[in-house]
């Protein structure tokens with residue numbers, strides 16, 4: 001019985017989950033919900049099902065795997081990762097993992113907050129000014145390692161790829177000063193399962209955000 005991943009028909013919070021499902025060769029199907037156009041942005045496709053799925057905290061994305069019904073994107077990632085030994089093992093690795101998971105979510109939210117703000121054009125320069133310092137910290141944290149926890153890929157690398165690459169989409173030159181982050185992106189995209197997925201019709205790199213966003217809505 002394949003797992004079911006439910007989310008809007010966008011990249012959004014599901015990108016790293018889809019990538020991890022593909023990398024682990026998991027059997028899954030997607031339930032993609034479509035949001036209506038402006039000005040109403042009708043969400044009835046999702047709202048009609050929201051409280052009928054048996055979710056403890058009904059939200060998108062969700063993952064249903066038999067009797068396991070999970071919401072919260074990082075909880076979903078951790079669930080898949082545990083099945084495939086893609087979590088940190090030592091105390092040091094788990095500390096790095098926990099820090100990174102939350103740090104990348106902060107960075108993800110900063111970009112999302114900007115892109116949904118009606119004053120996007122006014123606020124964009126401030127974001128771009130702060131971006132190099134943020135990326136510098138990630139570059140230092142990665143160092144000369146191939147993956148963020150060391151020699152072994154883990155689920156936080158999937159979050160890292162999503163956040164770093166969407167900033168690269170937002171500002172194409174942002175990683176130029178950080179060759180190890182650029183190499184990380186290339187290394188990730190070069191993984192056999194990831195490369196195959198990116199060439200498939202299932203791959204959904206855009207739109208980054210919902211139709212309500214000022215940037216990344218197409």
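Any Cβ shown, glycine's included, is placed from N, Cα and C.
Per Swiss-Prot, these features apply:
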- 7, 8, 43, 44, 45, 46, 50, 59, 60, 72, 73: glutathione binding site (BINDING)
- 116: substrate binding site (BINDING)
- 2-88: domain 'GST N-terminal' (DOMAIN)
- 90-208: domain 'GST C-terminal' (DOMAIN)
- 27: phosphoserine (MOD_RES)
- 44: phosphoserine (MOD_RES)
- 210: site 'Important for substrate specificity' (SITE)
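What Swiss-Prot annotates, mapped onto the structure for a quick look.
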residue: 7; record: glutathione binding site; DSSP class: strand
residue: 27; record: phosphoserine; DSSP class: coil
residue: 43; record: glutathione binding site; DSSP class: coil
residue: 50; record: glutathione binding site; DSSP class: coil
residue: 60; record: glutathione binding site; DSSP class: coil
residue: 73; record: glutathione binding site; DSSP class: helix
residue: 116; record: substrate binding site; DSSP class: helix
residue: 210; record: site 'Important for substrate specificity'; DSSP class: coil
What is the one among the recorded positions 27, 45, 73, 210 whose Cβ has the most other Cβ atoms less than or equal to 10 Å away?
73
Out of 7, 43, 44, 60, which has the highest number of nearby Cβ atoms, where nearby means within 10 Å of its Cβ, if these are the recorded positions?
7
Candidates 27, 116, 210 (recorded positions) - the one closest to residue 43 (glutathione binding site) by CA:
210
For the domain 'GST N-terminal' (2-88), what's the model's average pLDDT?
98
Have a look around residue 50 (glutathione binding site) and count the other CB atoms within 10 A of its CB, chains all included.
17
Those residues of the chain, 6+ apart, with a Cβ under 8 Å from that of the residue listed as 'substrate binding site':
209, 212, 213, 214
Alpha-carbon distance [residue 210 (site 'Important for substrate specificity'); residue 45 (glutathione binding site)] in Å:
14
Rounded to a whole number, how many Å is the Cα of residue 44 (phosphoserine) away from the Cα of residue 50 (glutathione binding site)?
9
Just how spread out is the glutathione site if you go by the largest Cα to Cα distance in Å among 7, 8, 43, 44, 45, 46, 50, 59, 60, 72, 73?
22
In Å, rounded, how far does the Cα of residue 210 (site 'Important for substrate specificity') sit from the Cα of residue 73 (glutathione binding site)?
16
Rounded to an integer, what is the Cα-Cα distance in Å between residue 27 (phosphoserine) and residue 7 (glutathione binding site)?
17
